[in-house]
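> In case it helps, Swiss-Prot gives these features for our protein:
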BINDING   Y32, Q167, Q288, I296, Y297, Y298, H387, H419, W420  D-fructose binding site
CARBOHYD  N51  N-linked glycosylation site
MOD_RES   M1  N-acetylmethionine
TOPO_DOM  1-18  topological domain 'Cytoplasmic'
TOPO_DOM  40-68  topological domain 'Extracellular'
TOPO_DOM  92-98  topological domain 'Cytoplasmic'
TOPO_DOM  150-161  topological domain 'Cytoplasmic'
TOPO_DOM  183-192  topological domain 'Extracellular'
TOPO_DOM  214-277  topological domain 'Cytoplasmic'
TOPO_DOM  299-313  topological domain 'Extracellular'
TOPO_DOM  335-342  topological domain 'Cytoplasmic'
TOPO_DOM  364-371  topological domain 'Extracellular'
TOPO_DOM  395-412  topological domain 'Cytoplasmic'
TOPO_DOM  434-439  topological domain 'Extracellular'
TOPO_DOM  461-501  topological domain 'Cytoplasmic'
TRANSMEM  19-39  transmembrane segment
TRANSMEM  69-91  transmembrane segment
TRANSMEM  99-119  transmembrane segment
TRANSMEM  127-149  transmembrane segment
TRANSMEM  162-182  transmembrane segment
TRANSMEM  193-213  transmembrane segment
TRANSMEM  278-298  transmembrane segment
TRANSMEM  314-334  transmembrane segment
TRANSMEM  343-363  transmembrane segment
TRANSMEM  372-394  transmembrane segment
TRANSMEM  413-433  transmembrane segment
TRANSMEM  440-460  transmembrane segment
Amino acid sequence: MEQQDQSMKEGRLTLVLALATLIAAFGSSFQYGYNVAAVNSPALLMQQFYNETYYGRTGEFMEDFPLTLLWSVTVSMFPFGGFIGSLLVGPLVNKFGRKGALLFNNIFSIVPAILMGCSRVAKSFELIIISRLLVGICAGVSSNVVPMYLGELAPKNLRGALGVVPQLFITVGILVAQIFGLRNLLANVDGWPILLGLTGVPAALQLVLLPFFPESPRYLLIQKKDEAAAKKALQTLRGWDSVDREVAEIRQEDEAEKAAGFISVLKLFRMRSLRWQLLSIIVLMGGQQLSGVNAIYYYADQIYLSAGVPKEHVQFVTAGTGAVNVVMTFCAVFVVELLGRRLLLLLGFSICLVACCVLTAALALQDTVSWMPYISIVCVISYVIGHALGPSPIPALLITEIFLQSSRPSAFMVGGSVHWLSNFTVGLIFPFIQEGLGPYSFIVFAVICLLTTIYIFLIVPETKAKTFIEINQIFTKMNKVSEVYPEKEELKELPPVTLEQ
């Protein structure tokens with residue numbers, strides 16, 4: 001009875017843990033979502049600014065091709081910056097810690113926010129292009145460090161819920177940008193620089209507030225070898241003094257990893273003991289982006305117009321779709337610990353698979369069957385719901401769970417790189433796929449959803465309510481490494497963990 005009471009106290013959501021989660025997610029993840037959508041509504045106004053600026057310098061307007069190319073560079077700078085940011089994750093979290101990396105990362109938000117806010121006054125579209133690269137770097141770092149930080153702060157029974165919070169704030173950021181981007185708010189000639197510059201507000205708040213919250217206890221004990229600081233951080237996060245059980249579990253993880261030392265990206269690819277973990281994050285991160293989520297949003301406006309939504313009202317319907325995304329991700333926060341990660345992934349990718357197949361049929365028949373455009377709208381909403389439940393929030397959470405401390409930064413670097421390269425690839429090739437395949441474009445994404453679902457069903461284990469050691473014991477058996485150079489493996493066969501009741 002006493003042990004159960006102790007477990008309940010250790011696993012509760014305290015005010016400090018809740019505030020640390022909200023500040024980290026709002027200050028970092030929110031910006032990612034905001035900058036994804038911030039340039040969509042004012043795109044034509046910004047291109048007009050590019051042209052007027054060019055005219056002011058040369059006395060002539062740009063032709064269509066160079067203007068389109070310049071705008072494409074502006075948009076693509078964000079995922080390119082995200083890729084660069086992913087490569088910085090390992091060095092930053094190992095040098096500054098998880099919290100320190102987030103604080104340092106605010107440079108890549110506040111500086112470009114000022115530059116973008118001043119770009120129209122300065123008559124420089126180059127400032128916007130450079131700033132898009134910088135906010136991309138910010139997003140690349142935050143999309144990896146925030147899940148890592150929260151996953152290491154949370155007790156095991158809350159790790160899933162708190163791990164979904166970053167994705168929730170990404171969707172909130174998208175929705176806020178869509179609302180602020182309405183034409184009667186900031187998507188106008190005078191307002192669009194303010195719309196772009198607002199991304200610095202969450203960063204400034206995080207810079208002021210996050211220093212008052214603890215660093216990751218795992219980072220403090222395993223990497224800094226400061227058990228006293230780790231214990232103090234745990235006591236602050238858990239709201240009581242008796243944290244010896246958790247300290248012992250972290251110490252056990254530290255002992256298990258001493259033979260491995262720091263694991264670089266190159267070493268990560270060479271280690272047989274991590275092959276299924278590594279392959280799983282590559283498949284999940286690739287499947288997340290290559291399943292067509294960006295293409296759905298790209299195609300949504302056209303689908304709404306074909307269904308008879310007036311052109312001037314499409315912006316409101318698009319914001320409504322963003323609201324659905326927020327609501328379903330909010331639901332995922334509460335059901336991830338009830339249903340588990342594996343089931344949400346299977347359910348989410350399956351819904352996306354069916355939505356892509358039905359959408360293909362609806363698009364092919366919309367010219368001959370009058371009510372098919374309405375089916376297309378249902379498919380778009382269904383896809384958004386499915387992706388919000390599993391494919392969007394769960395992969396980053398799983399990277400935290402299936403890797404131990406020594407390999408986790410490098411794993412996030414790999415997962416983040418796959419995420420951003422896949423994002424960039426879809427944005428680059430989807431217009432060509434659409435031109436070549438027309439209404440059958442989404443068959444490509446349906447196939448990717450199917451293959452990812454099969455992989456999850458066959459390979460990915462459930463990690464709900466398990467310690468990091470217990471999860472890695474599952475993969476140790478899958479990788480069959482207990483007798484292959486055990487002194488060089490990240491985790492040897494360990495006796496069952498008895499610290500958690």
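Cβ from N, Cα, C; glycine included.
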> Residue counts in helix (H, G, I), strand (E, B) and coil for the topological domain 'Cytoplasmic' (395-412), per DSSP?
13 helix, 0 strand, 5 coil
> At a Cβ cut-off of 8 Å, and with pairs 6 or more apart in sequence only, do we get at least 3 pairs between the transmembrane segment (69-91) and the transmembrane segment (127-149), yes or no?
yes
> Would the transmembrane segment (162-182) count as touching the transmembrane segment (99-119), if touching means at least three Cβ pairs under 8 Å and pairs must be 6 or more apart in sequence?
no
> Given a separation of at least six residues and a C-beta threshold under 8 Å, show me what packs close to Y32 (D-fructose binding site) in the same chain.
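Listed in sequence order: C138, A139, S142, S143, I170, G173.
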> Got a sec? Which of these binding-site residues, Y297, W420, has the most Cβ atoms within 10 Å?
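Answer returned by the neighbour count: W420.
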> Ten-angstrom check, please: count other Cβ atoms within 10 Å of the Cβ of Q288 (D-fructose binding site), all chains counted.
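26, counting other Cβ atoms within 10 Å of Q288 (D-fructose binding site).
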> With a cut-off of 8 Å between Cβ atoms, can you find at least three pairs linking the transmembrane segment (372-394) to the transmembrane segment (127-149)? Only pairs 6 or more residues apart in sequence count.
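Stretch pair does not touch.
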> Here are the recorded positions: N51, H387. Which has the lowest count of other Cβ atoms within 10 Å?
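Minimum Cβ neighbour count within 10 Å, taken over the recorded positions N51, H387, occurs at N51.
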> In whole Å, note down how far the CA of the residue listed as 'N-linked glycosylation site' lies from the CA of Y297 (D-fructose binding site).
27
> Which of the binding-site residues Q288, H387, W420 has its Cα closest in space to the Cα of N51 (N-linked glycosylation site)?
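Answer for the nearest of the binding-site residues: W420.
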> Would you confirm whether the transmembrane segment (193-213) and the transmembrane segment (314-334) meet the contact rule of 3 or more C-beta pairs below 8 angstroms, pairs 6 or more apart in sequence?
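Answer no: the transmembrane segment (193-213) and the transmembrane segment (314-334) share fewer than 3 Cβ pairs below 8 Å.
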> Sequence-remote contacts (6 or more beyond its ends) of the topological domain 'Extracellular' (183-192), Cβ cut-off under 8 Å?
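Distal contacts: 41-42, 45-46, 49, 120, 315.
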